[in-house]
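Participant: Have a look at the structure that comes next, please.
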Amino acid sequence: MPVEGFAAQLIAALEEAQAAASQPKPAHLLAQAAYEKLQFDFPVVSEAELAALVDEFASGKRRGVTARFLSVLRENAGSAAAGSGDATASSSAAPTVAGTGSATSSNPSSSSSSSGQDLVPLYQRLYAVAVLQTLQSCLEAPEAAAAEQLAGLTPPAATGSFFGAEGSSALEVALAAAAEQQSEPGDLSELEHRLSQQEDDDSFAYEPLEAAPASAPVQQTAAQGPAGQLAAAQPGNGSAAAAAAQPGNGSAAAAAALLAQLSELAGHLSYHCMSEAAAWRELRLMQRLAACLAAVQRHPSLPDLGAVAQPLLRLAVDRCVAAPAELEAGMPALLDALGATAGSSSSSAPPGFAAASSSSFGGGSGGASGGSKLQDAFLRGGLLRSLVLLFIQLGAQPGAEPLRCALLLACAAARPLADWATAVPGFTAATAAPELGPGGAAQLHGALWSVLLGGGSSALAALLGDATPADKVPALFQALQLMADVQAVARRPLWDGEVAAALRRLGDTLRQQYSKPRDEAEAAGAASGSGKAAAGAAGSEKGLAGEQGEAERDVQADAAKLALGAEEQASLLAARRAQQLQPACLKLVKDLLQHGGGSGKHD
């Protein structure tokens, strides 16, 4: 063939290849390419491929995940992207690095990081929708189908090492089985020699390149003796693990293996890796989370799914704390899911609950005229039951302050609601948890529950009895605000003589300790006024001299502040803050004494 003809054919072939490469690929091919690349460390994946895979998981076209896939997603989604909006303080922004061009790499050794940060929101979307969609599908599917979807997860007994959950190696297991079968010592020595060459950590860092034959059943491994048992125990043997987890034989071990895999999948739920605000809004993650909780409630193995429900509830709480607006959008669906029971449909949330719950979670006081309607809505719609269950499980958590306020205000608004909550097993113990007890982070709630449930007011009086030093005044101000909210929705006297006496002592302490600057200013103003009336022009000159002296005193005070140490400055700032809060605290004390101690009008 002439050189010119060969060159022409080569050029034509290159142009044809370039034209084919420039054509947009179908979405399913992009998604498949992304899924295959995400099975390995440091994937080089484009934005279009990630978006296509997100769409496949979101639409339910793709189900099932692997342990390696989830691990890679977690590593790449762990860095909070710029502009994610609702990332909490715990969401540390670790640098995610990328390459150039349309295909972006997450290799941390790369020099550019801007495009890698651009892919973090997509990684977070993919991670969230993959875990939630797969979890919902497995909870709603029969056990055999669920085990098939979860076959790619690493069995709990062989998570990333050659050792099982008990700490015994596969070699020890195989040798023990051989000893039971009374094998010859020579066979054991040969097996030990062969396995000593294989037992290397570097050999098990990644999954094998070729999957084991899917037709190899577990019965054959048992019949093959120690070598077969060892092959079944090795990590990465996906077919053997899937066969062992198949619940078709109805064995308790298979059901336990499936529950362990569901718990492992739910354990991937972490708000640190799913904090992108747009993902929660566009992918409706709160509704997907509620669907998973509803599937847990309807699952026949509900008592054994606590390890699955807890990460779901924890993720919902973290999201509501990070974005309070999510309460109005997603909390009705969440409570609707929690109200579902096995064998029955969930009751729909009553109209207006979203706004009412948002107001309650925000700490606002409910109206006095809506007490009976609120009581009927909470009891008829199953909302009180959902709040009580959430409080029993999460009431002592640091981020559950909105939940504690919502249930406290609801039970204060109507006595029957408090009686109903008290009858729920575990509720009384939850109100007496150490976190709600004296010295706990939420001790105010424990003291208010003691008042509402008839346990006495000594704890509340003790909290109100100490307004010194000055750094305690902001906490007292918050306590008085919550007491005012509870009193507003209760519409009945709540505070007995012990609390009333503590409030009076608190008012006296606030006046004595934190009113001196105001008194001095009033005295100075009165002296200045009398001097002006008596002296005329001479008084004006004295007033000017007084202003100059006051300016000099301010300069001296500033110099004295600069000479103070860190502790002295903090004490000075606390005293100033207490002086600023003193009028508001005194007003709250006055209102509580007028409306909460049996005097005044309470209708």
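Residue numbers in this text run from 1 along the chain shown.
Backbone N, Cα and C define each Cβ position, glycine as well.
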Participant: Look up region 'Disordered' in TrEMBL and report which of 155-174, 215-234, 295-314, 455-474 it refers to.
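Facilitator: That would be 215-234, per the region 'Disordered' entry in TrEMBL.
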Participant: Examine the ranges 513-555, 556-598 and name the one recorded by TrEMBL as region 'Disordered'.
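Facilitator: It is 513-555 that TrEMBL annotates as region 'Disordered'.
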Participant: From 80-116, 339-375, which range did TrEMBL mark with region 'Disordered'?
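Facilitator: Of the candidate stretches, TrEMBL labels 80-116 as region 'Disordered'.
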